[in-house]
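Residues or ranges marked as ATP binding site by TrEMBL: B:T67, B:P68, B:A69, B:G70, B:E71, B:G72, B:K73, B:T74.
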Number of protein chains: 2
Amino acid sequence: MAHKTDIEIAREAQKKPIQQIGDGLGIPSEHLLPFGHDKAKVSAEFIAGLNGRENGKLILVTAINPTPAGEGKTTTTVGLGDGLNAIGKKAAICIREASLGPCFGMKGGAAGGGYAQVVPMEEMNLHFTGDFHAITSAHNLLSAMIDNHIYWGNALEIDQRRVVWRRVMDMNDRALRDVVTSLGGVANGFPRQAGFDITVASEVMAILCLATDLEDLQKRLGDIIVAYRRDKTPIYCRDLKADGAMTVLLQQAMQPNLVQTLENNPAFVHGGPFANIAHGCNSVVATTTALKLADYVVTEAGFGADLGAEKFMNIKCRKAGLAPSCVVVVATVRAMKMNGGVAKADLGQENVEAVEAGCANLGRHIGNVKSFGVPVVVAINHFISDTDAEVQAVKDYVETQGSEAILCKHWAKGSEGIKELATRVAEIADADVSNFAPLYRDDLPLFEKIETIAKRIYRADEVLADKKIRDQLREWEAAGYGDLPICMAKTQYSFSTDPNLRGAPTGHSVPVREVRLSAGAGFIVVICGEIMTMPGLPRVPSAEQIMLNEAGQIEGLF
Amino acid sequence: MAHKTDIEIAREAQKKPIQQIGDGLGIPSEHLLPFGHDKAKVSAEFIAGLNGRENGKLILVTAINPTPAGEGKTTTTVGLGDGLNAIGKKAAICIREASLGPCFGMKGGAAGGGYAQVVPMEEMNLHFTGDFHAITSAHNLLSAMIDNHIYWGNALEIDQRRVVWRRVMDMNDRALRDVVTSLGGVANGFPRQAGFDITVASEVMAILCLATDLEDLQKRLGDIIVAYRRDKTPIYCRDLKADGAMTVLLQQAMQPNLVQTLENNPAFVHGGPFANIAHGCNSVVATTTALKLADYVVTEAGFGADLGAEKFMNIKCRKAGLAPSCVVVVATVRAMKMNGGVAKADLGQENVEAVEAGCANLGRHIGNVKSFGVPVVVAINHFISDTDAEVQAVKDYVETQGSEAILCKHWAKGSEGIKELATRVAEIADADVSNFAPLYRDDLPLFEKIETIAKRIYRADEVLADKKIRDQLREWEAAGYGDLPICMAKTQYSFSTDPNLRGAPTGHSVPVREVRLSAGAGFIVVICGEIMTMPGLPRVPSAEQIMLNEAGQIEGLF
């Protein structure tokens, strides 16, 4: 039997009017700002009125280090949400919005897959409710105001060589990475080296995802460091008086978006910060709102647990006062095999030995997550090619780690295929056994925070950083930024900084190439290895195949 | 008594749910895609179903040459729509969407004023329904695909010096006018001179406003010339296979937006092409849809009648098969005085003589518009400082021109203040006296088309163009573009190309500086004088005052 594609399944969805989905959560329709018939924003007024209500249980879905085999983290997040509802629980899902640019490069959506999807998936992968466009506008308004300030006399004495605020565009456009602006003579300003990042890499995106309300948003925007003077003193967004107008541009974008799963369960899709130079989780506003409205909230974090879950715990939970009741680590037999040394082309053949060898990667993630004081369950996201013996090998291994692994078939069967996991997760969450604590204290020196993450999560022997970087960290401590958490930027493919080092490496070093202060978002980015903040398009961009068919449906986007 | 500001009046609006506004036009609510409770897009399916219905009467609102005194063209368009409804007619309004960028530079909205406004005005001046963001994305996708094509081997042999497709941003950012892209080495491509225009200046915007449906949109996008080879043969958007994905990005933006006036009458707000390098009218789709749903449709064209009405007639009406039944020329006593030589500071004093002297400008516009075969009425948009003698002077003058002038107080009184004009306009439209024809035939040589406009509309003696320009026009004729209409780009402040030459100058010359082919939009841009396609911010941008107040309302935007 030929399987249906994700888009074919999504098109057959029996969507309910979004007001009905909101009604199920107790949101009156006057507080749902509709965008079409199947998307809505939840009003800030309604959210403010939830204050004081009890929170539901927060469940984090994370994963092993990603491999080209695919893990299905979003699919499992959606599936688990549907599963919890199917067993009679009131559950909501919180995931990130998709970036538009990459959709025109390589295929791939961000709305789950198979029978565990969020709809309308086409719109979620295009303009959606315009949040990313608003972020682009707010970011670039600040950029324009910086050059405009210099143009009209530069009263703030901005050192034109030290403008650190770039411009953004939600597009894969390598030509914009490194540009010279303000050419063409007097009327166009002072030429200087500049550049563009993709919108998801904007600090404005990270701020929107961490801000608790509009007031906090404006304060954080004001805190952004845009440039330095010749004496290296910082110039803030607030000094340019851009924070008010940026807040106006983001007012609507700050309201979380409500959509639904294929099974008509509520999903909040809001914010989408890069998981490398930012923290990679959906917005705090969406998560805290969902926790007031549902008994169980299933959310996810970008990349593998060493990056995504670590930042979720140490940045998002710390800052927002959240604590997960249970963590689900997604693994697949195929990914275990790849971690065990099997090439992608050979994944179709049974290889229990390779599965067992690859399980070391999973084992370390389980241990790491447990070190935050939270209980762990493993979800084996089932592929048709998996054999019983391979699945059993994963289950047996996880048992040796003091956890349990549950086979899930939500991709093929929707909630029906994930009820066992849902039941177990609900039991664990209800048992209140979680004793969450971040990995390091706020007052630990910045370099020691980096060492803590490197040694306890990556299991590295040492952190390598030259004097310039250590001095920079000390300067920030002296300037009052010492209690910020660390936002690690490294490859997602390995515990180490070498993307080819699979499994569970030890004895390695973590070289720090660069550190950056995100004073508005409130973290220090520590860059280990290359970091790409503006992707390019491939030789044959998927844009060439994207078009409307005769029925007016979108083809080629997925 | 202190007058209320536009925003104060707008905030007091008793808006009806947009479904109710749609219902009044016979649009079922399933064909209204809501954006919040007060904005909606009309589905393409519904629009397609209107085919074959009879058209209502089209009424164009245009104006004398703008002066710093202000004319109130949009205000009069909105007021006249309300006035027609108030006298029992079924009327709709069609205006353009506002550009976001300029709102952060100088104050000023695009939704009318006083008691003749369209609401929600804040959102109309910010992201609205995201149409401009979609245009920005579609435009820049094509830009990225051009550089990406060159990067991956340049199979089409694009001459990197002859890339004519720039990038766009909806922001006043002079630093982006002239840039060098693709710096930074091999991974970032081949450095070249490039630049950004503001989004409203994009050919994609002009195309969206002239396309009749999605199929026509995609064809026109494909027709865009993006670059030339060394042998000067053109490379089209279609050659890069970008037209399909651009159409997908614009699918929703092609659907006209429905909002309402303060008096709850329907207003279509859709498209906003620059009135200098484009034709400056709202979308053909919105106008033709409104004509199927209402008995009277009031629309406007950018700048004064010499530019806006001329292009409305010769480009929009020609291309869309439209014909206005009546044209309203808006004039003010203050603007007549300025045309008569009075300085802005002295406008408050009665000066009948100056009014009479300034009327020459109005008279010529009346004559010009009549030359298209359409009847003309003058609307005197009343200001509190106008004296009875001054108003009478305008009325008397207009009578000598074989037309009539009617005093309108819609700014202060809404529809109540403009019933006389509404009644007269309806009478004229119902009398079917219009005998519309464009000014020149499709098959007239391009240079003769330019001469026709310059001599018959601007009343110039001659058109000055060097050999290079005349050769270029002949080349385009040979390439099959000879039957395109002309899109003039010149100062809006004078009939001549000298912005200081007010009144009704004669004997002047029209120097053509440059000609550009917009093969997708389907016109040839003829540039006379400087043309600014990317504005800058002023010394103190209004962005510095824009912010949310404690009630969460937007301050400083208007």
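Each residue, glycine too, has its Cβ placed from N, Cα and C.
Keep in mind that what you see is a predicted model, and the values were worked out from it rather than measured.
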Which of B:E71, B:K73 has the fewest nearby Cβ atoms, counting only those within 10 Å, among these binding-site residues? B:E71
Across all chains shown, how many C-beta atoms besides its own are within 10 angstroms of the C-beta of B:T67 (ATP binding site)? 22
Lowest local Cβ density among B:P68, B:G70, B:G72, which the record lists as binding-site residues, within 10 Å: B:P68
With an 8 Å cut-off on Cβ-Cβ distance and a minimum sequence separation of at least 6, pull the same-chain contacts of B:T74 (ATP binding site), or say none. B:I95, B:A110, B:A111, B:G112, B:G113, B:E300
What does DSSP call B:E71 (ATP binding site) in the simple three-state scheme? coil
